[in-house]
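Enquirer: Feature annotation from TrEMBL assigns substrate binding site to His140, Thr141, Lys292, Asn301, Arg310. Among the features that TrEMBL reports, divalent metal cation binding site is placed at His184, His229, His284.
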Amino acid sequence: MASSSPPLLALTTGEPAGVGPELVVQLAAAGELPARTVAVGDPALLAERAARLGVRLELQELAPGSSVPASAPGILPVWPVALHAPSRPGRLSVANAAYVLETLDVAIQACRVGQADAMVTAPLHKGVIIESGHAGFRGHTEYLRDACGIDEVVMMLATDRALHAHEASWVGGGALRVALATTHLPLREVADAVTASRLERILRILHADLVRWYGVKTPSIAVCGLNPHAGEGGHLGTEERDVIAPVLEALRAEGFALDGPLPADTLFTPRHLAGIDAVLAMYHDQGLPVLKYAGFGRAANVTLGLPFPRTSVDHGTALDLAGRGEADRGSLRVALALAAEMAGRGACRST
Ligand SMILES: NC(=O)C1=CN([C@@H]2O[C@H](COP(=O)(O)OP(=O)(O)OC[C@H]3O[C@@H](n4cnc5c(N)ncnc54)[C@H](O)[C@@H]3O)[C@@H](O)[C@H]2O)C=CC1
Ligand SMILES: NCC(=O)COP(=O)(O)O
């Protein structure tokens, strides 16, 4: 941990034209930031969004990486990163894409060297970062993987009732954890990306982190097929038979509790989810619509497999709401609480 107690969360404020900055200032003003939280972003931007919304807030500028006092209502410690261009709510600017990446770099570096204990991210806009010249940018998840120099990480979203260690498994009524075998890929590329080696890596990380972070002794994971009806015995696709099933079989032989490959449309029903600790979906829009239907606004995104905890909101930049103070703060609240809980357990990897 960065200091004796409590853990320090580095909270990146996200795309400056989106709702991230205002969510951060609103939570800070209301005293809803966990015990020690430092925003990473442009202080003038945060002051402008606070003033725009009539939020009374004192910003405390601190040198990036320096120590941070305990959170207090109406006070927001900031590790400053300067905007590259003025920002207006709802108006993207490619000039500020580098700024967004710089905020990530500050937080990642702080977590890697132990100056912060966990990272929480407000939403960024993938398109504007790609348009700024970062053609390979896909999202925080992939950026963090590469920045930490590791081969694989797992994106998992969980509704609030399934976020914490004491919530063992699906109990009906909206508790759900959904991990993804592939993340931000065009659908056309998904089938080729569902390889045996990727699935094996993903399942090992998911299994290990369900034990590590959630206290599940023997994680029970339900795995979706890729094709309709999980391939209908090979008549509607062969990936289940040729790729997914053999990986599950090999891991079962090691003691993994894996169900599948199952048709996704029947897997996501209460009867099939009973006793399941997490679902592994093959692609983004196979799993996340169900998760968001179950708990949009009270769910969080977790990156598994990193050397430090990283959580995020379940929503994007919401440019249509930016600057109006109407965006729901629930998911950021949940993401912060989860990061604090994970960091509090001091469960950093040794990678
Ligand atoms: N963690 C992250 O950085 C994420 C970033 N994104 C990015 O955000 C950008 C916009 O994505 P969209 O698909 O338009 O999704 P979006 O989540 O920004 O917006 C979808 C709809 O949900 C509403 N919404 C979003 N957040 C809300 C909140 N806090 N309270 C109330 N309503 C809310 C919006 O007003 C809009 O109607 C894209 O570049 C996307 O890649 C998307 C998801 C997560
Ligand atoms: N739909 C989830 C999402 O896009 C979040 O991606 P990331 O930026 O956290 O990798």
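Placement of Cβ uses the backbone N, Cα and C atoms for every residue, glycine included.
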Enquirer: Give me the Cα-Cα distance between Lys292 (substrate binding site) and His184 (divalent metal cation binding site), rounded to a whole Å.
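Expert: That comes out at 17 Å between the alpha carbons.
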Enquirer: I need the CA-to-CA distance for His229 (divalent metal cation binding site) versus His140 (substrate binding site), whole Å please.
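Expert: His229 (divalent metal cation binding site) to His140 (substrate binding site), Cα-Cα distance: 32 Å.
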Enquirer: From His140, Thr141, His229, Lys292, Asn301, Arg310, which binding-site residues have a C-beta atom under 6 Å away from some atom of ligand 2?
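Expert: Going through His140, Thr141, His229, Lys292, Asn301, Arg310 in sequence order, those close to ligand 2 turn out to be His140, Thr141, Asn301.
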Enquirer: Pick the one among the binding-site residues His140, His284 whose Cβ has the fewest other Cβ atoms within 10 Å in this structure.
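Expert: Least crowded of the binding-site residues His140, His284, by Cβ count within 10 Å, is His284.
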Enquirer: Just to verify a number: CA distance, His184 (divalent metal cation binding site) to Thr141 (substrate binding site), in angstrom, no decimals.
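Expert: Their Cα atoms are separated by 9 Å.
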